[in-house]
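Colleague: Dumping the structure here so I can ask a few things about it.
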């Protein structure tokens with residue numbers, strides 16, 4: 001369930017005009033911007049951006065970038081972007097880091113539907129004149145490259161049909177490779193990157209039934225490297241998205257100085273999907289609500305905006 | 001340029017009715033079917049199939065399958081299928097063989113536009129409840145798997161922009177790997193499967209400029225294996241599609257007993273695209289026209305149908 005609250009009736013033209021007014025004159029009226037954009041759903045934001053372009057011949061994103069700054073600017077721009085463009089941007093930023101942020105790429109590849117992933121790849125190609133897998137493959141090497149390139153390039157079957165026999169035999173393949181009985185992880189990468197989410201869940205369940213421990217626990221017993229940690233992240237995303245996101249949020253808040261990139265990414269990409277479930281689990285695990293934790297760790301307009309996406313604050 | 005000749009005006013309903021009439025009664029009127037379907041373009045065939053479905057509540061493909069047989073049936077069904085379904089079927093048939101027909105998969109991956117390849121993958125998933133890369137990865141192993149899975153999963157940039165510096169450095173990478181100076185072909189596979197066609201052409205040109213021989217010639221000096229021969233096929237597809245297809249046609253005709261699968265595939269998939277150029281080159285290389293060669297090697301309705309796709313015969 002979504003956390004954001006949006007009005008049933010709204011006027012994209014009025015919203016665009018109110019945002020423009022908030023940007024004009026001396027100083028910017030950030031409160032007005034938050035109470036509008038923080039309370040509009042995907043479809044509404046799309047219409048506002050279109051209206052803004054038509055009235056002022058300027059991209060709303062450019063306007064916001066020039067008026068705002070810091071984490072607030074980054075969060076609200078992510079929020080206004082169309083999801084495929086947003087995913088393309090997140091993937092590109094992850095790739096631009098001195099050591100690519102593999103977990104962001106894993107998260108995007110695992111959490112998007114096959115069609116959404118195609119849309120993100122299309123947006124990436126359009127924005128950067130390269131394909132996502134092209135940039136990824138040229139920035140990585142070895143097992144981590146094999147895993148990630150295969151994962152972002154997949155267009156998986158996403159129906160309900162599963163094959164129990166296959167789940168059993170492939171659980172054994174994963175077990176052998178993870179326990180180091182094989183020379184490489186070729187088959188693990190094949191299974192992870194090509195089997196459907198439903199089939200993978202069946203494989204992970206069979207794994208636990210047969211061997212008594214979960215695959216993620218078995219992976220924890222390894223000396224870690226970037227490939228194994230990406231693999232583990234992928235398995236956690238597929239097994240239980242809610243738990244995965246709750247953990248990312250906790251890590252982003254509990255780190256020294258707060259990891260705002262991770263915080264923005266999860267709040268912005270999940271606020272219209274399953275953030276209610278994630279905040280529920282967050283509370284259970286941490287004995288403090290996500291809203292309180294965010295209020296404590298952040299400040300100013302940035303705080304007000306994140307809380308708006310969590311369903312707080314007044315809407316205009 | 002296309003070889004097929006189609007009428008500027010036609011009635012899908014009349015065509016559907018005439019095909020039905022040709023299928024009814026004692027024996028089938030194959031000539032009528034050829035003079036209709038052999039002379040209708042993609043859009044027209046689509047409308048005929050729709051009209052047929054609406055009038056007779058039956059898929060035209062099923063009707064044709066039950067009335068016709070052998071190579072003629074296979075060729076005409078391929079022809080009536082929508083291109084994405086057709087590619088999915090060709091890929092699936094190639095994968096079903098005891099040893100998968102790697103060259104068909106290479107050909108599809110290299111010769112389709114990125115969007116057409118996505119459409120084929122979508123059709124595959126819809127028809128077989130698995131993704132194409134999933135079936136491919138589970139039927140292959142090692143380098144051939146790495147190359148083919150990466151190639152069919154790619155969604156390449158297909159713009160005009162190229163990077164000359166990168167072309168030079170990647171030509172050197174290919175040269176090193178192909179001449180055996182590297183332990184594996186990881187980088188060759190990365191370059192082939194992620195760089196755009198324009199960029200790859202630039203790389204192959206720089207290769208020849210720097211090293212004096214073409215990359216395909218250097219590959220010929222290797223003891224061959226299935227991976228190297230698939231790699232060479234991919235490079236030939238990208239370098240010069242017309243020459244590649246002319247060679248496939250020659251091989252299909254010159255082999256003992258004719259390779260009808262290859263013949264059908266090339267004629268059917270290129271008749272509305274570049275078959276005129278291919279037949280032109282075929283004549284230059286073989287001193288016999290493709291039409292004459294096909295007329296000599298095939299017979300009956302099958303021959304009449306292939307010749308219709310080459311622009312002969314009367315249209316109804």
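Residue numbers in this text run from 1 along the chain shown.
Heads up, the Cβ atoms here are built off N, Cα and C, so glycines get one too.
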Colleague: Looking at Swiss-Prot, which one out of B:67, B:73, B:85 binds Ca(2+) 1 in the same site as B:25, B:27?
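Modeller: Looking at B:67, B:73, B:85, the one Swiss-Prot places in the Ca(2+) 1 site next to B:25, B:27 is B:67.
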Colleague: Mean pLDDT for the repeat 'Annexin 3' (B:165-236), as a whole number?
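Modeller: The answer is 93, the mean pLDDT of the model over that range.
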Colleague: Give the distance between the Cα atoms of residue B:282 (phosphotyrosine) and residue B:128 (phosphotyrosine), rounded to the nearest whole Å.
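Modeller: So the Cα of residue B:128 (phosphotyrosine) lies 36 Å away from that of residue B:282 (phosphotyrosine).
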Colleague: If we take B:2, B:155, B:253, B:257, B:282 as the recorded positions, which have a Cβ under 8 Å from chain A?
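Modeller: From B:2, B:155, B:253, B:257, B:282, flagged as close to A: B:155.
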Colleague: Per DSSP, how many helix, strand and coil residues does the repeat 'Annexin 1' (B:10-81) have?
Modeller: 54 helix, 0 strand, 18 coil
Colleague: What's the CA to CA span in angstrom from residue B:128 (phosphotyrosine) over to residue B:155 (phosphotyrosine)?
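Modeller: So the Cα of residue B:155 (phosphotyrosine) lies 21 Å away from that of residue B:128 (phosphotyrosine).
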Colleague: Could you list the residues of the same chain, at least six apart in sequence, whose Cβ is under 8 A from the Cβ of residue B:155 (phosphotyrosine)?
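Modeller: Once residues fewer than 6 apart are set aside, residue B:155 (phosphotyrosine) is near B:114, B:117, B:118.
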Colleague: Give the three-state DSSP assignment (helix, strand or coil) for residue B:257 (Ca(2+) 2 binding site).
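Modeller: For residue B:257 (Ca(2+) 2 binding site) - judged by DSSP and reduced to three states - the answer is coil.
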